[in-house]
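A short worksheet on the structure shown next.
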Amino acid sequence: MDEKKNKIILWAYLGVMFVFILVVTFVGDDAPHSPAATDTHNEVAMETHAASKGTVEAAAEEKHHAKAGVQANETEVLPAQEQEDVAKDASHAATTGDTAAIETQEAHAVADTAHEGKDPFEGKPSPDEAISLLKKGNQRFVHGESAHPHMNLARLLQAGSENQGDHAYATVITCSDSRVPVEAIFDAGIMDIFVIRVAGNVCDVDERGSIEYGLAHVNTPVLVVLGHTQCGAVTAVTQAVLGHGHALERNIPALVDNIIPAVKKAMADHPEIQGEDIIPMAIEENIWTGIEELFMESPATRNLVAAGKVTVVGAVYDVGEGTIKWLPQEKSMEILKKVEENPDKAVIE
Ligand SMILES: [Zn+2]
């Protein structure tokens, strides 16, 4: 009897082990096909390749490759998408692919609003009025007369219960630099400014997405692309282009590579200026290249500007004076016109 009992226990044990092995085999087999595993593989490959180069320009090349990888993955799940020119136009197509779903949603939202006959910018200041609010706020700040509007408990309670889209009047993208505290320099407060801060105020895909949110969903009538004097990101890239850059941490080259074309253009436009004296021009050029990149990759932004709902303006903040040099608005419109004529611009809404 004991022997029979032992046999039953032994078979039960073997049965449990068999099921366990099946489960482990199933999960283990699935893992290599998961996107996370693919990403890790790509990252390892990138890291190995980048480590062998380690320059800002090498990082630009790596980012291009990474975007091409994203595009390659997308074509598997989006068979209808055109697969030609992948290598040539990888970053452009990847961006449009990434944002297509969101932009479709956005188009529906706009259509819904139009159907209801309500302009989402209704009740907001005009673009010129919004720029005037920013200029006056900066004047108060510079003269030590900040009024600190909308920085009280009443505004806080309002923020918790109302839609920021009914209040915020500007989207500002600027540098992460601690000397550029956005609300302070415009003497603004809670629910006034939709802010994007990133080293070198670059307009890469995450920043463009944030800008689109600020313009199309928070309905701010103005976008300020705000560079600043003594920008460390522009300085680092200038030094790299001049051939005396220093080693940068793993993620920085890919972040600041958008600034390379600005530095090179500033150098080409001002051959009389030598060495790091080009930095102030590069800071200004970085604003224009950022605006061009935004227009190239954001049909939503182009449409809002063309419709007169939004004005895009460049400006440079002086970290020692607190003043802002407002760049000519006409130049933003010239860049928009140039982009509209460019067949390579992103078009999927
Ligand atoms: Zn900076």
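For all residues, glycine too, the Cβ spot is worked out from N, Cα and C.
Residues or ranges marked as Zn(2+) binding site in TrEMBL: CYS175, ASP177, HIS228, CYS231. Annotation source TrEMBL lists region 'Disordered' at 47-74. Residues or ranges marked as transmembrane segment by TrEMBL: 9-28.
Just so you know, the Cβ of ASP177 (Zn(2+) binding site) picks up 19 other Cβ atoms within 10 Å once every protein chain is counted. Between the binding-site residues CYS175, CYS231, the minimum number of other C-beta atoms within 10 Å of a residue's C-beta occurs at CYS175. DSSP assigns CYS231 (Zn(2+) binding site) to coil, not to a helix or a strand. Highlighted in sequence order, THR174, SER176, ARG179, VAL180, ALA199, GLY200, ASN201, GLY227, THR229, GLN230, GLY232, ALA233, VAL234, TYR317, VAL319 have their Cβ within 8 Å of the centre of the Cβ atoms of CYS175, ASP177, HIS228, CYS231, the residues recorded for Zn(2+), and are not part of that set.
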